[in-house]
Amino acid sequence: MRERVHRGGVIEVICGPMFSGKTEELIRRVRRAQIARQTVVVLKPYLDTRFDENHLVSHSAQKAPSVRVRTSEDVLELGRNADVVGIDEVQFLDSGIVEVIETLANLGKRVIVAGLDMDFRGQPFEPVPQLLARAEYITKTLAICVVCGQPASRSQRVTREGERIVVGSTDHYEARCRACYQAPEETVVSDVASGGLHQQ
Ligand code: ADP
Ligand code: ZN
């Protein structure tokens, strides 16, 4: 039988590169919901330990209390009791988060999700593309390119690690525009993967 869909539920996605103001925008929306006396819960994955364990903290040092979660099931548990559910750094959660967010929206919740749309290689970063397809509202935030000052859509890794997830701030990443962004060389990763053999 089809699950009953309650009125008023929506998915809002805020996405863009690092330093583009995703966390600031999430904090702004959450604060307004609190002023409107709605029940709000803000969640962030354990992996993102930037600055403070029990708050969202933006690169501009804005803060909002948050609860850390390990899995998408935790998001469902904690989100059930709120009117508004904020989730930061959604790209660090498991793929089950897409169904969980759909379920919460179907329960009538306003779900506000922030996350990276691309990884450091410039590839779409799941589950954000899945969420963009399902969202009612989409905001793409841009940073300022540190090289030329134009709007920046890419996160440039300035260290040589090859893994997809390396948590860091300006010590590891820079905001760059399309023209100034340089894709990392495949050989950095394939050197490791192939035991030192060079690949084109
Ligand atoms: P995100 O969540 O997208 O990583 P935050 O909301 O945490 O971004 O931080 C945005 C803030 O980062 C900006 O308001 C600004 O103060 C700061 N900042 C640092 N570097 C840049 C940059 N290159 N472009 C824009 N903002 C930057
Ligand atoms: Zn540039």
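Just so you know, the numbers here start at 1 and follow the chain as drawn.
For all residues, glycine too, the Cβ spot is worked out from N, Cα and C.
TrEMBL does not curate its annotations; it predicts them automatically.
Of all Cβ atoms in the shown protein chains, 21 besides its own fall within 10 Å of the Cβ of Glu89 (active site, proton acceptor). The secondary structure of Glu89 (active site, proton acceptor), as reduced to three states from DSSP, is coil rather than helix or strand. Sequence annotations record features per position, and here TrEMBL assigns active site, proton acceptor to Glu89.
Following the DSSP three-state reduction, the secondary structure of Met18 (ATP binding site) is coil. The ATP binding site feature in TrEMBL is assigned to Gly16, Pro17, Met18, Phe19, Ser20, Gly21, Lys22, Thr23, Asp88, Glu89, Val90, Gln91.
Shown in sequence order, Cys145, Val147, Cys148, Gln150, Pro151, Ala152, Ser153, Arg154 are the residues of the chain, 6+ apart in sequence, with a C-beta less than 8 angstroms from the C-beta of Cys177 (Zn(2+) binding site). Among the features that TrEMBL reports, Zn(2+) binding site is placed at Cys145, Cys148, Cys177, Cys180.
Residues or ranges marked as substrate binding site in TrEMBL: Ile165, Val166, Val167, Gly168, Tyr173. DSSP assigns Ile165 (substrate binding site) to coil, not to a helix or a strand.
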One should report the C-alpha separation between Gly16 (ATP binding site) and Glu89 (active site, proton acceptor), rounded to whole angstrom, as 11
Same-chain, non-site residues whose Cβ lies within 8 A of the Cys145, Cys148, Cys177, Cys180 Cβ center for Zn(2+) are Val146, Val147, Gly149, Gln150, Ala152, Arg176, Arg178, Ala179, Tyr181
Result for ligand 1 contact check over binding-site residues Ser20, Lys22, Val167, Tyr173, Cys177 with Cβ cutoff under 6 A is Ser20, Lys22
